[in-house]
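Pulled from TrEMBL:
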- 123-133: compositional bias 'Low complexity' (COMPBIAS)
- 108-146: region 'Disordered' (REGION)
- 6-26: transmembrane segment (TRANSMEM)
- 38-56: transmembrane segment (TRANSMEM)
- 76-94: transmembrane segment (TRANSMEM)
- 155-177: transmembrane segment (TRANSMEM)
- 183-202: transmembrane segment (TRANSMEM)
- 214-235: transmembrane segment (TRANSMEM)
- 247-268: transmembrane segment (TRANSMEM)
- 280-299: transmembrane segment (TRANSMEM)
Amino acid sequence: MSSDIDLWKGLAIAINVIVCFIGIILSRWISRTKMYEISCALVAGVLLATGLVHLLSDSAESLADLTESMNGYPFPYMLCGIMFIVLLIIEQSVDAYQVKRKDQSPKLVKNDTNINSDIEGPSLSQLSSSSSQPTSADDDAKDDMHSHDVNMSEASAIFIFLALSVHSIFEGLSLGASDNASQIASTLIAIAVHKGLAAYALGASFMEAKVSKWRMLIFSVIFAFMTPAGIAIGWGLESAESDTEVLSGVCSALAAGTFLYVGALEFVPMSFKPGSSYIIWKFIAVLVGYGAMSALAIWT
């Protein structure tokens, strides 16, 4: 019996790693096609369902005793909302900082120009070239705006990476601590599909953030081995599930806030831009992503 359990756990580790890389590679391939915006709508549905249907319900179950001890106070939902607000504050603070830098850049360039003109007047060719070419202030402003967009998207992608990684560890922890071979076998497919959809969402986040290939590879490898790491830890700790129940509940609630924020305020606006095409297909993609991930809650 023990050998069967070990076999299923080893199989779960291998399948999770393979499915994870398939999901990330698929998202990278689709990003080069016209289906990219539709796939972003699919990711939005996946993230919303993961946060609402999976993580919040898992957190409520794990923190049931804590909620009861606090006279029924909805502790998981409070944590989820706090995380949502924290991410909002972080992104808006970065936004304000980038705008301030953009506004200050033309002033600095103007001051430098005035100093140089006092020392030596501009030649006719310099005046001609300056009128026909964009100023360095304009270039800096454009660069700041571009870097702002990339940095903001990259910050969101990193938040998604961290939340998914923590969730994957606890998901693997509970699976690794199980001593029922039939239970492991019955949930393996659902967990693998869940991992694949999560990996696709993560890959889409990386592509939207324009993360470099090497950084994307590093993040992908780390994420791929988060669930196996949890399985390995739970494999050696029979009491892992009960000992980490409260910590798992808190992390799940915080991760839910992350998914709701990125799904609602990043991927939904990204998919449904004013004047964008394929609107009907995008609506369908959101429903498919939300429905598929919600259906997995039956088995996970």
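Backbone N, Cα and C atoms are what each Cβ position is placed from, and that goes for glycine too.
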Most CB pairs under 8 Å with the transmembrane segment (214-235): which of 6-26, 76-94, 183-202, 247-268, 280-299? 6-26
Give me the stretch from 6-26, 38-56, 76-94, 155-177, 280-299 with the greatest number of Cβ pairs under 8 Å to the transmembrane segment (247-268). 38-56
Between 6-26, 76-94, 155-177, 280-299, who has the most Cβ pairs under 8 Å to the transmembrane segment (183-202)? 6-26
Any chance you could find the range in 6-26, 38-56, 155-177 with the most Cβ pairs under 8 Å to the transmembrane segment (280-299)? 38-56
